[in-house]
Amino acid sequence: MTKPQGIAVLGATGSVGCSTLDVIARHPERYRVVALSGHRQLDKLFEQASRFRPDYLVVADADAAAQLALRLEQAGLPGEVLHGPQALEEIVRLPEVDAVMAAIVGAAGLPSALAAAGAGKRILLANKESLVVAGRLFMDAVRRSGAGLLPVDSEHSAIFQSLPADYAGQPALAGIRKIILTASGGPFRGKSAAELLDVTPADACRHPNWSMGRKISVDSASLMNKGLEVIEAHWLFGVPPEQIEVVVHPQSVIHSMVQYRDGSVIAQLGSPDMRTPIACALAWPERIDAGVEPLDFFSLSSLSFEKPDLANFPCLRLAFDALAMGGDAPAVLNAANEVAVDAFLNGRLRFVDIPKVVSETLSGVDLAASASLDALLARDEDARRFARGRVAAC
Ligand code: NAD
Ligand code: MG
């Protein structure tokens, strides 16, 4: 029997992290959890540590680390507790870590995902913000080290599965006409501008098909999530923006498609359950049980398709604009969006002002391309400062 693969799950306590552990628990002979990170969610992390007995745990700061270490000791559980962003980078580089699930939310997930890329690990990438902020640096690091990069975002997993097996990032050679990203349209699909004026964070987090963390739920409601995914697809598959199209498909059964020059369209279908793309990334090119209900075609009433409503949901257009502007524009877009979404979730900004803050920040911050990670993180900080000012002015 072959040795189980060592896995580090970053963002283990989140929505994707929990689904990852659910899949891993079904295959103890294939996977061993080496490390888990959970920032400030200590109760959940403790519960996961009792179940999976990792060698390392990573939390936000020294206080949280001391608390968790004490609880583990009292319960007679193993596991060394580390803390801070640097510790996340250290654990992904451990020789016993074969694969890293990058499932931290936001640009906070970038340095550790980049460290995994630099160390040549197999990266299971849920943290789309890494590619939005640092697409070029990230893909260069992957190429240099020979790391494996497997998309976990359901649309990108669908595209990955619909591309030719030997796809080398050259759409023209592969005969590709378009990458078609499907979007559910989110909880506010069909709402008018007037109806959007007083929506609340609870409304935004009530997604019709997927159960997700709060930040990505708001992004789905504003269509910024689809915008971030357009940028993610551009970097992952080497496809120019004009060959990426967004189609609203409210049932979320088709998870995305590749349209070829000869008229063929290859799509990936399934129930809207993140355990499918997670299992696909974990086991690729093999297929393993993910605990997902098989798709029942007889209970699907219909599959429908619409154009996205860019007038009421301008975030998608802003993301296409940022990709066309190039340089640091996508990083600035992402930083402003993180600030605006956080303000919305905390009752300091209206939903309709999220695109306003993003657009003003794109106009107010220098967008010239940063050449290093440090320069990029400084730009991210500039954009956040500017966006906070715009939030205060709204
Ligand atoms: P979540 O909010 O449920 O979980 C986020 C995780 O990150 C938690 O473990 C949290 O403790 C950790 N975290 C938060 N802030 C941190 C920080 N500053 N430093 C270190 N760790 C921190 O989020 P989620 O819905 O699981 O999404 C995670 C990532 O996966 C996001 O990038 C999201 O866009 C992407 N994604 C999620 C889904 C989904 O269905 N939830 C689907 C596709 C892609
Ligand atoms: Mg997605």
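Placed from the backbone N, Cα and C atoms, the Cβ positions cover glycine too.
TrEMBL annotations: computationally assigned, not manually curated.
If you look up TrEMBL, you'll see 7-135 marked as domain '1-deoxy-D-xylulose 5-phosphate reductoisomerase N-terminal'. When the domain '1-deoxy-D-xylulose 5-phosphate reductoisomerase N-terminal' (7-135) is classified with DSSP, helix, strand and coil residues number 63 helix, 29 strand, 37 coil.
The feature NADPH binding site is assigned by TrEMBL to THR13, GLY14, SER15, VAL16, ARG40, ASN127, GLU129, GLY213. Counting only same-chain residues at least 6 apart in sequence, those with a Cβ under 8 Å from the Cβ of THR13 (NADPH binding site) are GLY38, HIS39, GLN41, LYS44, LEU45, GLN48.
According to TrEMBL, the feature 1-deoxy-D-xylulose 5-phosphate binding site maps to LYS128, SER154, GLU155, SER184, HIS207, SER220, ASN225, LYS226, GLU229. Within 10 Å of the C-beta of GLU229 (1-deoxy-D-xylulose 5-phosphate binding site) we count 29 further C-beta atoms, all protein chains included.
Annotation comment: TrEMBL describes 149-237 as domain '1-deoxy-D-xylulose 5-phosphate reductoisomerase C-terminal'.
Annotated Mn(2+) binding site per TrEMBL: ASP153, GLU155, GLU229, in sequence order.
What TrEMBL lists as domain 'DXP reductoisomerase C-terminal' is 269-385. Over the domain 'DXP reductoisomerase C-terminal' (269-385) the predicted model carries a mean pLDDT of 97.
Look at the binding-site residues ARG40, LYS128, HIS207 and count other Cβ atoms within 10 Å of each Cβ; ARG40 has the fewest. Counting residue by residue with DSSP, the domain 'DXP reductoisomerase C-terminal' (269-385) contains 67 helix, 2 strand, 48 coil. Residue environment of GLU129 (NADPH binding site) contains 29 other Cβ atoms, counted within 10 Å of its Cβ in all protein chains. Highest Cβ count within 10 Å among the binding-site residues SER15, ASN127, ASN225: ASN127. Under 6 Å, Cβ to nearest atom of ligand 2: this is the test, and of the binding-site residues VAL16, ASP153, HIS207, GLY213 it is passed by ASP153. Here GLY213 (NADPH binding site) is positioned 14 angstrom away from LYS128 (1-deoxy-D-xylulose 5-phosphate binding site), judged by their C-alpha atoms.
Across LYS128, SER154, GLU155, SER184, HIS207, SER220, ASN225, LYS226, GLU229, which the record gives as binding 1-deoxy-D-xylulose 5-phosphate, the greatest C-alpha separation is 19 Å.
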